[in-house]
C-alpha cells in the first residue's frame, strides 16, 4: 500500500495528531522522533536507523550526554533571561514554558534526573540565585552580559555623583549656617568695662537721650551734664504728655461711634457651630447606618447637648440618635415657610421667596419685620 498523498484526509489526520506535545515515554531523544502510541515506538526501536544511532551512542555515551545537557542548559537560561529577566520566579513555571516547545531537549537525556537537581546545580555554578521556600524552589537569573554590566556601572556612577552633589550642597549649607552663627555671636556679645574715677572731685553725668556717660574735669562738663539732664527730662515729659494725649484721643474716638458703625455692629451676623432645632425636617447623610437610612428624611424630635438630635424617620417611623455632622437641612420649594437656624435672625420663621443656587443663598421675607432679607439657608 502506497503512502498517502499530502492533501489526502489520512495525511491531514496524521498531521493533526502529530501536532503538539505527545507522551514522553514514546519519544526517542537520539533520533529526535516522537511516536504517537506504543506500537509506533516499538516499530521505531526495531528500525535500522535507530539501531545505528544506538551504536554511535554506545561508543562515547558521555559525549552525547554532555551535548544534550549543554543544549538543555543554554535553552533554559535563554528562556529565563528573555522571558523573565532578573525577576525572581518559580522554577516550575519556567520549566513548563520550556517544555511547551515541541522540539525541546528532554531532561531524561541530560545529567540531571530531576528539576530540583538542575536548580541546585544552577545555584552552585553561579548562573542563578536560588532559594528554597515552602512553595518550592525559586530562581533569579544573574545577568553577566558586558553591556548590562556597563549600563549598571554607569547608573551606579550617576547615582554616586548625585549623592556627592547633595552631600557637597549640604556641607556648604552647614558651613554657611556655622559662619552665620559665629558672626551673630560676635556681634551680639556685650563688652563690659569697669567704671573708674581718676579723682574723687570728678562728676559723672548721664545723658538719658543718648544712653551714654560723660565725664569731664572742668566745670563746663558739669554744666553740659546738667543741661543734658534737663533736656532729657523735658523730652521725656513731652513724650509722656504726647502719649497721654494720643491715648485720650483714642479713648475719645472709641467712645464716640457713628450711626453707621452702630448699624453695622447690630446687623453683624452672630453664627454658632450648632444649628439643631426641634420639629424641623432634616436629611440623613451618613452611610454608616446602611442604605436603609441614607439620604432619607426625618423629623427632629429632641435636641440633646446642642449637637445631638433624636430623629424620627418619615418613611419607616424608626427613631435614631445622630450627631449634627450626620444630618443636613432640607430646603423646601419657594413659597413654603422656613426656620432660620443660624445668624442674626436665628429662631425666626420666614417665607422662602427664591433660591440662588449659584451663590448658595436664598431670599426670605421675615415675619417679624415684614421685609426681604438675603441670606444663607441652613448652617
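Backbone N, Cα and C atoms are what each Cβ position is placed from, and that goes for glycine too.
Remember, TrEMBL labels are computer predictions, not curated facts.
According to TrEMBL, the domain 'DNA/RNA-binding protein Kin17 WH-like' annotation covers 52-178. Residues or ranges marked as region 'Disordered' by TrEMBL: 152-196, 230-258. Here TrEMBL flags 168-187, 241-252 as compositional bias 'Basic and acidic residues'. The compositional bias 'Low complexity' feature in TrEMBL is assigned to 230-239.
Within the model, the domain 'DNA/RNA-binding protein Kin17 WH-like' (52-178) carries an average pLDDT of 84. The DSSP breakdown of the domain 'DNA/RNA-binding protein Kin17 WH-like' (52-178) into helical (H, G, I), extended (E, B) and coil residues amounts to 88 helix, 15 strand, 24 coil.
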